[in-house]
Amino acid sequence: MSIDKSYCGFIAIVGRPNVGKSTLLNKLLGQKISITSRKAQTTRHRIVGIHTEGAYQAIYVDTPGLHMEEKRAINRLMNKAASSSIGDVELVIFVVEGTRWTPDDEMVLNKLREGKAPVILAVNKVDNVQEKADLLPHLQFLASQMNFLDIVPISAETGLNVATIAAIVRKHLPEATHHFPEDYITDRSQRFMASEIIREKLMRFLGAELPYSVTVEIERFVSNERGGYDINGLILVEREGQKKMVIGNKGAKIKTIGIEARKDMQEMFEAPVHLELWVKVKSGWADDERALRSLGYVDDL
């Protein structure tokens, strides 16, 4: 009697902030797991997205963008999370943006050169490159930087060539037992996903200054008798002025954030959600490693 083979492995998605790593992960999984926003520092946790297709299970580690800037405790911890996820995977997807190449990209590349895992280079946002003639020389420049397993021009937004990446990933999964049941898409709890959804909406609806100094704590997450969930979210900011910004004129801003977050939660949890949000000032949390640990920023380091 023959036993069917199964394949399973970990894949890190790395790159500097804002190159489209989370969008790529969401496309590879076919749904939204990692929060996406146009602001740097959106992904703060190593979210694991799981894609199971028949005998193949790919477990994606979505790293925070690696930063040159290491001043604040939160940035140091984010860099540590990104670096540690490179070390223990079968394959790395290194995401860069179009024809842009920055010192941050160079820093990520140097970390990858030290690693043992093969690296796929995903050149994202190629549909946004104005001068198409610049693309080929840039790809040749990238190819000369490291012995990449493959170089794939993609658009994570539209899905262009994302299937190519998925096929390469499948080909490099080692023979192994699946780590998760096939219907799992993430190992994060619903409570964690709720806080991520609220944080995404904060980023989407607020100015550039705020995201660096805001976090979300879920104080209550319970099933109710209506077959849904009652969720209380506490939004922590560093200054009184930021609290006013989050609440908005006569509470308009926080109301919008709550409505949009509730829609996403209901879609993700497939159940009605009653959501209440509060805003509280907790100064200096982004500089305090103890506070960060209590908020779950180093739960996997």
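Note that Cβ sites are derived from N, Cα and C of the backbone, with glycine treated the same way.
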Checking feature assignment: region 'G4' per Swiss-Prot, candidates 4-7, 124-127, 280-283. Which range matches?
124-127
Under Swiss-Prot, which of the candidate ranges 62-65, 186-189, 238-241 is annotated region 'G3'?
62-65
Rank the binding-site residues Gly15, Asn18, Lys21, Val126 by how many other Cβ atoms lie within 10 Å of each Cβ and give me the one with the fewest.
Asn18
Of the residues in the region 'G1' (15-22), how many are helix, strand and coil by DSSP?
2 helix, 0 strand, 6 coil
DSSP says what for the region 'G4' (124-127): how many helix, strand, coil residues?
2 helix, 1 strand, 1 coil
